[in-house]
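Engineer: Got a structure for you, written out below as structure tokens; questions coming shortly.
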Amino acid sequence: MLKTQEKMLMNLYDTFMTAKRLVVMTGAGVSAESGIATFRGDQDSYWSRFDPYQLASAEGFIEAPQRVWDWYQWRRSQVGAAQPNAAHYGLAELAQSVPLFLITQNVDGLHHRAGSQQVCELHGRLMMNRCFNPSCGYREDAIDFSAPLITCPRCQSAYLRPDVVWFGESLSASSIQQSEAATTECDVFVSIGTSAQVYPAAGFAQIAAASGAQLIEINPEATALTSQVDWVIAEPAGKVFEGLRSLLK
């Protein structure tokens with residue numbers, strides 16, 4: 001007789017392999033398994049003394065651009081030292097076998113580093129810079145995590161800022177449209193490592209459910225979504241996908 005863990009993995013594998021259109025949404029819990037701290041970071045760090053709004057808003061950047069830039073450079077150094085985990089690699093491998101639309105609330109780029117080709121990054125990309133002047137449109141890779149504050153080389157009238165969504169800013173309309181379209185058409189929706197509290201991402205599961213999709217949650221902690229899904233796997237994503245990867249090979 002199969003053990004409970006083995007049976008769960010086989011059932012999950014079968015569900016994924018028979019899905020016609022699979023949508024997966026990942027949150028901070030997946031990154032945390034790679035050692036990346038949540039938004040506030042280490043509570044003992046220098047940065048814990050600041051209100052998040054001071055570090056991640058246009059107003060905070062206007063008030064103290066050097067402080068905001070230094071914080072993001074610190075975050076980049078932390079992310080740059082992290083490695084994708086089994087969940088990142090497992091999702092990349094799964095996408096080679098089934099039609100998979102991957103949505104992430106994370107900005108660390110670990111899905112790309114693990115090999116995922118198409119990732120809808122709702123909150124932007126930490127490892128990219130863009131001009132603070134929205135009419136300029138300049139973007140570039142962030143390569144040097146010790147570089148000082150940079151003036152935009154194109155317009156020469158504003159600083160570069162991280163290409164992430166700050167408090168008070170809207171998510172990309174195209175990202176939302178793509179995600180809503182995918183969730184409307186999917187037959188299996190999987191929420192992994194997200195608290196399901198931040199909208200519009202928190203509403204994607206409801207869109208999928210309204211279209212008849214099966215809802216699965218992989219999260220060691222109960223969330224706002226737990227009572228609404230068809231199947232709860234209360235385990236770390238890395239542990240689950242470590243087992244799945246052996247079946248995908």
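Cβ atoms here come from the backbone N, Cα and C positions, even for glycine.
Please treat TrEMBL annotations as automatic predictions, because they have not gone through curation.
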Engineer: Among ALA81, ALA86, ALA173, ALA237, which is the one TrEMBL gives for the NAD(+) site where GLN105, ASN106, VAL107, ASP108, GLY193, THR194, SER195, ASN219, PRO220, GLU221 also bind?
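Structural biologist: So, going by the record in TrEMBL, that would be ALA237.
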Engineer: Given the Zn(2+) site residues CYS131, CYS136, CYS152, CYS155, which other residues of that chain have a Cβ within 8 Å of the mean position of their Cβ atoms, reported in sequence order?
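Structural biologist: Here the non-site neighbours turn out to be PHE132, ASN133, GLY137, TYR138, PRO153, ARG154, GLN156, SER157, ALA158, LEU160.
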Engineer: Relative to the Cα of SER195 (NAD(+) binding site), which of the binding-site residues TYR72, CYS152, CYS155 has the closest Cα?
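Structural biologist: The answer is TYR72.
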Engineer: Given a 10 Å Cβ-Cβ cut-off, pick out the one of the binding-site residues VAL107, CYS136, CYS152, ALA237 that has the most other Cβ atoms nearby.
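Structural biologist: In terms of Cβ crowding, the pick is ALA237.
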Engineer: Secondary structure at CYS131 (Zn(2+) binding site) (DSSP, helix/strand/coil)?
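Structural biologist: DSSP call for CYS131 (Zn(2+) binding site): strand.
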Engineer: Rounded to a whole angstrom, what is the largest C-alpha distance between any two of the residues GLN105, ASN106, VAL107, ASP108, GLY193, THR194, SER195, ASN219, PRO220, GLU221, ALA237 that the record assigns to NAD(+)?
Structural biologist: 22
Engineer: Which has the fewest other CB atoms in a 10 Å radius around its CB: ARG75, GLY193, the listed binding-site residues?
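Structural biologist: Fewest other Cβ atoms within 10 Å, among the binding-site residues ARG75, GLY193, is found for ARG75.
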